[in-house]
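*Asks:* This is the structure I have questions about; it appears just below.
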Amino acid sequence: MDAKNTTHRIGQTGPVEKQTGIRHLFAAASYSLGGAKRLIGEAAFRHELIAFAAAMIAFIIVGATFFQYVAMAILFLLMMAFEAINTAIEEIVDRVSPEISEMGKNAKDLGSFACLCLIVANGVYAAYVVIFDGFMN
């Protein structure tokens with residue numbers, strides 16, 4: 001069995017046959033749920049989740065349009081994805097390079113910057129909808 005047809009899960013000692021068809025779909029969904037559970041363990045993600053809930057409450061108060069809710073949800077999903085990638089980068093760097101290195105620091109800083117960009121985008125958009133579209137109208 002070649003390397004591209006194997007998947008390793010925690011606790012397994014050898015290669016496992018890759019699932020195909022509908023089993024692959026369920027396996028992929030299981031891995032995604034595992035990633036979501038892992039992401040909930042990150043304090044930064046929990047803070048972002050609270051901020052999203054606050055934005056949704058503010059959108060309700062100002063009477064945001066359906067499009068504005070959809071745009072905010074898309075921005076939040078992007079932020080979740082970037083937070084997941086950033087967490088993966090941090091875990092890989094910590095595993096591969098437990099000592100402090102410039103390359104590891106750069107990788108972590110770049111992942112963090114990507115998250116910051118989306119946090120700012122989410123905040124600016126939410127503020128625009130609430131302040132300019134909501135209270136100014």
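Counting begins at 1 with the first residue displayed.
Cβ atoms are placed via backbone N, Cα and C, with glycine included.
Below are the features listed in Swiss-Prot for this protein:
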BINDING   Glu42, Glu90  divalent metal cation binding site
TRANSMEM  49-67  transmembrane segment
TRANSMEM  73-89  transmembrane segment
ACT_SITE  Glu83  active site, proton acceptor
TRANSMEM  112-132  transmembrane segment
*Asks:* List, in sequence order, the same-chain residues at least six positions removed whose CB sits under 8 Å from that of Glu42 (divalent metal cation binding site)?
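*Replies:* In sequence order, the residues whose Cβ lies under 8 Å from that of Glu42 (divalent metal cation binding site) (at least 6 apart) are Glu83, Thr87.
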*Asks:* Taking each of the recorded positions Glu83, Glu90 in turn and counting other Cβ atoms within 10 Å of its Cβ, which one has the fewest?
*Replies:* Glu90
*Asks:* Return one of helix, strand or coil for Glu90 (divalent metal cation binding site), based on DSSP.
*Replies:* helix
*Asks:* Other than its close neighbours in sequence, what residues sit by the transmembrane segment (112-132), given a CB gap under 8 Å and a spacing of at least six beyond its ends?
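*Replies:* Those are 44, 48, 51-52, 55, 58-59, 61-62, 64, 68, 71-72, 75-76, 78-79, 82-83, 85-86, in sequence order.
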*Asks:* Give the helix, strand or coil assignment DSSP yields for Glu83 (active site, proton acceptor).
*Replies:* helix
